[in-house]
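> Sharing a structure below in structure tokens format, with a few things to ask.
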Amino acid sequence: MKKAALARSHSLRRQEQWIGYGFILPFTIGFIVFQLAPLLSSVAISLTNLSFISNLSGVKFVGLQNFISMAGDEQFTGALWRTIYYCFLFVPGVIAASLFFAFLINRNLYLRSSIRTAIFMPYVSNMVAIAVVWALLLDVNDGPVNALLRALGVENPPLWLLGEKTAIPSIVMIVVWQNIGFFMIVFLAALQNVPNELYEAAMIDGAGGFAKFRRITLPLISPTTFLLTITAIINSFQNFGPIQVLTKGGPGAASTTLSVNIYQESFVHYRIGYSTAQAIVMFVMILAITVIQWRGQKKWVTYS
Amino acid sequence: MMAIRRSAGLLFAGVLTVALTAGCGTNSEPSASGGISGTPQASASGSKPADAKEVVVLKYALSADQASRQSTKDLMALVEKKLGNVKLEPFVIPGEGVEFNKKMTISLMAGDEMDVLYQNATTYQKFATANLIEPLDELIAGEGYDIASIYGSSLSKYNDKIYMLPAFRDVHVTMYNKGLFDAADVPYPDNATWTWDKYVEAAKEITKLGKGVYGSYMLDWDNYFLLQARQKKVPEYKPDGTSNYDDPAFAESMKFYADLGNELKVQPDFITFKSKKMPWDAFLTTDNYGMFVVGNWAVQSAMDKKQYPRDWKMGVAIMPQVDEGGKAVMGIMGGYSVASTSKHKKEAYEAVKALAELQWTLPGNIPARVDLSDEEINSIFQPMVEGLADDGITVEELKDAILSPSLDIVSEKLVGPGMTQITSLISSEGELYATKQRTLEQTMKELKEKADKAIAEDQSAP
């Protein structure tokens with residue numbers, strides 16, 4: 001009797017296991033075919049001298065040579081610094097601007113929903129359309145922005161997207177403007193989850209607006225800030241789309257970031273092995289930054 | 001428990017193996033094309049040797065747009081009619097221009113069977129380096145094909161081998177707006193004496209900045225930055241293999257181009273051009289530009305009155321010369337090659353020959369052949385003259401500007417080690433100079449250093 005019950009129990013467990021494997025099978029196959037296999041093949045390619053335009057029979061294993069070459073490659077190091085520069089401008093820019101607008105929208109503001117929609121609109125707009133609008137606005141000679149600056153007495157207004165020094169800040173400005181909507185909505189949800197009682201208690205204790213923001217709001221929205229910061233950093237590395245549409249990496253190489261450089265190495269200069277090695281470096285950088293942030297969050301993220 | 005795990009593991013591995021290999025297998029279904037037909041049913045590619053009586057189906061790599069054009073269908077029909085035992089079948093590759101070439105490369109590298117490929121003077125060398133196209137020398141020698149007398153200077157070799165038979169040429173010309181010339185009381189360009197100095201003088205006269213009228217219009221393509229140096233045939237490589245951009249001729253060319261907009265103000269300055277994203281066809285779509293130096297393909301575009309309706313008359317003259325009486329014009333040849341993956345190389349070679357020999361007979365094609373009679377040459381330009389009847393352009397004018405035997409065609413593109421990277425460097429470094437963000441000296445120094453690096457990298461590549 002006991003044996004039969006044990007056997008039935010084993011059979012049930014086996015069935016459950018099969019069902020379990022069945023459930024994870026589609027994901028596992030998808031993960032292996034579309035993520036793990038390409039990742040592993042990328043690592044393998046990065047160790048070769050594969051060229052886009054060469055016979056596969058001529059491909060040689062070069063070990064870490066591609067990674068070593070990067071150190072002395074001014075094009076790569078330049079692109080790396082520009083990526084970091086872009087990241088340093090974009091992440092604080094988008095976090096600060098979206099938090100500011102979320103605060104604004106969270107208050108009893110006149111035409112609140114219209115303003116919220118207006119801020120969110122660029123996020124769902126096509127990047128090409130955005131590029132056309134900004135190209136008109138930032139037209140160096142006849143654009144309204146420079147016309148205003150000239151009217152204000154600026155003799156040599158910036159070249160914006162055409163300037164060697166202004167290209168990246170201009171792109172960041174446009175991308176921040178485009179992304180504020182998404183970041184703002186997430187911040188807004190976080191702000192609305194902060195219990196009102198805490199503000200009331202703080203008010204009774206005589207806390208001012210800034211103290212309430214610093215001691216209550218910031219800590220309680222820190223999980224959201226953490227999530228959005230990671231998202232913003234990852235976004236800032238994946239900047240190929242806006243740069244390609246707005247400047248194509250120019251003028252000169254002024255806005256050639258790592259992602260643009262990888263594209264150019266692959267599809268302009270046909271050095272697949274080398275460009276894949278650069279992509280691996282970018283992947284490791286993003287991973288390292290995320291891990292560091294994840295570990296460091298204990299110090300500043302408050303989970304209620 | 002262990003047994004269950006083992007079974008589950010085996011099953012999992014089995015499913016994965018099936019899933020992974022399902023999409024990777026070779027299609028064993030007989031191909032409907034790419035083989036020998038003419039028998040009751042077309043056999044699989046290469047499964048049966050061709051003989052004179054059988055029709056060989058050759059795969060001709062084309063973009064979807066090219067494949068759908070009537071001119072392509074007409075050309076294929078001409079070739080099929082001439083050869084009798086060949087049928088050309090479009091092998092459609094997505095994309096246009098550079099994208100098309102990239103995808104064609106991937107397809108060839110993956111071993112896809114193709115027979116006939118379109119190439120030009122800048123692309124075929126890359127394909128040849130990668131052994132993606134076949135040298136034709138043996139086949140040419142085998143039948144004693146007199147290529148020298150048919151193609152003459154249009155023919156080019158790479159590593160002393162012929163990989164492409166040229167079918168047509170595109171040379172730079174001066175397109176001009178007769179109305180603006182008349183309004184400024186400036187004589188039209190004379191093919192015999194037209195120079196850059198006269199171009200600048202005419203442009204100055206025509207330019208009326210208050211009305212938004214400029215005497216000249218040029219684009220931001222790399223060839224515009226080095227116009228005169230290339231016309232003077234200043235070598236872009238030194239004998240030691242490094243770049244020659246420290247030769248003053250290149251700096252002069254770059255300065256000339258930038259000055260037209262920045263100093264002489266006879267064409268939109270580079271900042272305006274880039275900032276407003278001015279299109280290549282602004283000369284045709286407006287009445288605001290006196291002259292436009294560009295490949296003769298633009299003359300063919302001008303014939304399309306639906307896309308480019310004009311109420312002003314256009315003229316066509318030779319490209320401006322460095323010295324009076326010169327005949328150096330920038331140009332490029334387009335032609336055909338045999339793919340290395342072809343299983344019918346002899347038939348593909350015959351098709352390439354037919355394409356190169358016959359393409360000029362279709363309207364709008366300027367032949368690379370040098371053995372045509374005056375009557376044949378006139379027949380090429382007659383449809384163009386008819387298409388441009390309102391402009392009063394004559395066959396003689398077009399012939400002098402585009403197909404005169406006295407024209408000395410210099411490559412409009414850099415051909416040699418590191419050419420892809422150097423070509424983009426010329427534009428990107430030139431852009432910084434033309435937008436006044438770099439001095440000429442800095443620009444040429446950067447160009448020289450970066451070009452040298454590109455050459456070294458290219459030469460060390462596999």
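Glycine is no exception: its Cβ is also placed from the backbone N, Cα and C atoms.
Just lifted these from TrEMBL, have a look:
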type: TRANSMEM; residues: A:21-47; note: transmembrane segment
type: DOMAIN; residues: A:80-293; note: domain 'ABC transmembrane type-1'
type: TRANSMEM; residues: A:83-105; note: transmembrane segment
type: TRANSMEM; residues: A:117-137; note: transmembrane segment
type: TRANSMEM; residues: A:167-191; note: transmembrane segment
type: TRANSMEM; residues: A:216-237; note: transmembrane segment
type: TRANSMEM; residues: A:272-294; note: transmembrane segment
> Within the same chain, where does the transmembrane segment (A:167-191) have neighbours whose Cβ lies under 8 angstroms from its own Cβ atoms, ignoring anything closer than 6 residues to its ends? I mean 6 or more beyond.
82, 85-86, 89-90, 93-95, 97-99, 101-103, 105-106, 116, 119-125, 127, 130-131, 134, 138, 158, 160-161, 217, 220-221, 223-225, 227-228, 232, 235, 239, 242-243, 246-247, 250-251, 254-255, 257
> Should anything in the same chain at least six residues away from the transmembrane segment (A:216-237) have a Cβ under 8 Å from its Cβ atoms, list it; otherwise answer none.
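Answer is 83, 86-87, 90-91, 94-95, 98-99, 179, 183, 186-187, 189-191, 193-194, 198-199, 202, 258-259, 282, 285-286, 289-290, 293, 297, 300-304.
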> Counting Cβ pairs closer than 8 Å, which of A:83-105, A:117-137, A:272-294 has the most of them with the transmembrane segment (A:21-47)?
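Most Cβ pairs under 8 Å with the transmembrane segment (A:21-47) come from A:272-294.
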> So which residues does the transmembrane segment (A:83-105) touch in its own chain, when a touch means Cβ under 8 Å and the partner is 6 or more beyond its ends?
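Tertiary neighbours of the transmembrane segment (A:83-105) are 112, 115-116, 119, 168-169, 171-173, 175-176, 179-180, 182-188, 190-191, 225, 228-229, 232-233, 235-237, 239, 257-259, 282.
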> Six or more residues out from either end of the transmembrane segment (A:272-294), which same-chain residues have a Cβ under 8 Å from its Cβ atoms?
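For the transmembrane segment (A:272-294), the list is 42-43, 45-52, 59, 62, 66-67, 69-70, 76, 83, 226, 229-230, 233-234, 237, 258-259, 261-263, 265-266.
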